[in-house]
Amino acid sequence: MQVRRDDDGAGGCAGDAVPGGGEGQDGVPARQPAGRVWGVSRAARATSGFKVLALGPETTGVIQRMQQLLDMDTTPFTDKIIAEYIWVGGSGIDLRSKSRTISKPVEDPSELPKWNYDGSSTGQAPGEDSEVILYPQAIFKDPFRGGNNILVICDTYTPQGEPIPTNKRHMAAQIFSDPKVTSQVPWFGIEQEYTLMQRDVNWPLGWPVGGYPGPQGPYYCAVGSDKSFGRDISDAHYKACLYAGIEISGTNGEVMPGQWEYQVGPSVGIDAGDHIWASRYILERITEQAGVVLTLDPKPIQGDWNGAGCHTNYSTLSMREDGGFDVIKKAILNLSLRHDLHIAAYGEGNERRLTGLHETASISDFSWGVANRGCSIRVGRDTEAKGKGYLEDRRPASNMDPYTVTALLAETTILWEPTLEAEALAAKKLALKV
């Protein structure tokens, strides 16, 4: 099967024929009626969708009827809604989901029932005791089904109520509920990089199969069919996240062709992790429909190509107030003393990315600097000039767990205190006056 982006432009992500609409002049397929996109009329919501298309005219009628069902808005006919329960799988990076009917629209996750799944099929439980329980934690509008349907971010527990090992949200929620942390109102802005791959050849989108494009330089924030690959996916994801209620704040093409970035935030506390996981789920669904593979590998292509990170911008209330630069420097000092702990928690395969090249610091050495993208921690010139603001932790890999990274930043900079001796030695080494 093929898919086509269903908007007012021509062409699409995969496939360019539009069977089922009849033919216009010169054999060109006729444009389909505007209809409904993701369950909402186009007039009501100007956004991009993906249409399911057949490979040949013999199945046109079936595909048209299926698309009508996919686009159907059930709101006028029933109060029932569809809730898509989403959770992190056994690898700690894969996402799983399944759907259930809820009797009426809901506004808060506390209104939703717990559910269960077969943990032996996700690598999260043994076959003889396979039940894992889903606890609904956050709700987003469903951009695929529209209407009152929802996406539900869940975390995972044993039947006895204990968090399973891949449940990183539970630990993060404990840290973010600490009074010392809540009083500091921690803000996070996360830059999620990702790479789009051709499905059948496992090679970046826009790259010649078995070959390489021209060197890096022309692709960052570029326009043009020879420099930008996958913009429809990035734009569809952007709009879908806005519709869902995710705090997405921007997108851009990245340095390596076929690689993109979007930013989520500022988000407070545990919300940062919920919004990143929900945004990843939506991106995975869109690439699924587009016939393109999404990878969060931090170094998908070896050689003179940029890796993929998940830079995490962070501030506390004290950092954002007058005199905040001194608080930022104290936070940097603490982060330097726990560098190994953070690196171990910042994503799989990060050693292939943090080489000291391609806008990264060395994985084994902690460093900081103003406007220096080759450091572990970067401070912006605006923060330096104003004497307050935020820091950017450039170490996290694109496949990092956002619950782990955000909670660890808060713990290290707010709750943890080094010994005076260790603090003095680190301050001298980093040339920090705190």
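Just so you know, glycine gets a Cβ as well, placed from its N, Cα and C.
Record features (Swiss-Prot):
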COMPBIAS  10-25  compositional bias 'Gly residues'
DOMAIN    81-161  domain 'GS beta-grasp'
DOMAIN    168-434  domain 'GS catalytic'
REGION    1-33  region 'Disordered'
REGION    101-126  region 'Disordered'
TRANSIT   1-54  transit peptide
Structural state census, the domain 'GS beta-grasp' (81-161) (DSSP three-state): 9 helix, 39 strand, 33 coil
Sequence-remote partners of the region 'Disordered' (101-126) [C-beta within less than 8 Å, at least six residues beyond its ends]: 79-83, 85, 87, 89-91, 132-139, 148, 150, 152, 154, 156, 164-166
Arithmetic mean of per-residue pLDDT over the domain 'GS catalytic' (168-434): 97
